[in-house]
Amino acid sequence: MKGHCSFLAVFALLALASILVTSAYDPSPLQDTCVAINDPKTGIFVNGKFCKDPKFVTADDFFYSGLNIPRDTSNPVRSVVTPVNVDQIPGLNTMGISLVRIDYAPYGGLNAPHTHPRATEILVVLEGTLYVGFVTSNPDNRLVSKVLYPGDVFVFPIGLIHFQQNVGKTNAVAFAGLSSQNPGVITVANAVFGSNPPINPDVLTRAFQLDNNVVKYLQSRFGWKNN
């Protein structure tokens, strides 16, 4: 019962904090709801989603279940991100908020360096010990980092490269609120070495000051996802 109450309290905290701090980043809604709906009848793209007729909106349009379930971290970085954004909850359309659960395996499970081009992130640790940080923009490229414990909260500013790693001996779990219904994610290593089609190795050789064969090897290693 205590764990259940703690889970609900964390969920409420993340939702409230994201709304108060950064909800203005996405366009403000012009009606009570705009439940997302896919319209196969048109090829027109909009900045967001088409809206369901409010008369047909139901509670299920604002509902998601299962964030209490631990995820399988059997992948190269040994972490899994479970998103709850407009694709999972259509009612988030135009609301400027979303949520993720992140599971980390013991001894180094990593949410690899990445950015969210459309959202600030506020993260709270539920279980385990995380080493987290972000890097400021050029020319300083300053690392801002900290070790977090259960109950600790950390903010990753919009657009900046950031990461989390489990430095403990047990599983770690964190939840994060993001200030967009669709924050996007760019994992640095995957984007640079796993792009489709691949970036010309000569470009990466010069950019990273690496041997051409090393670049080609790295390009062969990336392309997987942890979300």
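Any Cβ shown, glycine's included, is placed from N, Cα and C.
Keep in mind that TrEMBL annotations are predicted by a computer and have not been checked by a curator.
Packing around Glu121 (oxalate binding site) is summarised by its Cβ count: 24 other Cβ atoms lie within 10 angstroms of its Cβ, all protein chains included. The oxalate binding site annotation in TrEMBL covers Asn111, His116, Glu121.
Taken from TrEMBL, the feature Mn(2+) binding site covers His114, His116, Glu121, His162. With a cut-off of 8 Å between CB atoms and residues at least 6 apart in sequence, the same chain places Ile161, His162, Phe163, Val185, Ile186, Thr187, Val188 near His114 (Mn(2+) binding site), listed in sequence order.
Cβ neighbours within 10 Å of Cys34 (disulfide bond), excluding its own Cβ and spanning all shown chains: 22. Taken from TrEMBL, the feature disulfide bond applies to Cys34-Cys51.
Per-residue pLDDT, averaged across the domain 'Cupin type-1' (65-216), gives 96. What TrEMBL lists as domain 'Cupin type-1' is 65-216.
TrEMBL lists 1-24 with the feature signal peptide.
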Measure from the Cβ of His116 (oxalate binding site) and count the other Cβ atoms within 10 Å, all protein chains considered.
23
What Cα-Cα separation, expressed in whole Å, is found between His116 (oxalate binding site) and Cys51 (disulfide bond)?
25
Could you name the residues, excluding Asn111, His116, Glu121, of the same chain that surround the oxalate site, i.e. Cβ within 8 Å of the Cβ centre of those residues, in sequence order?
Val100, His114, Thr115, Ala119, Leu123, Phe156, His162, Ala176, Leu178, Pro183, Val185
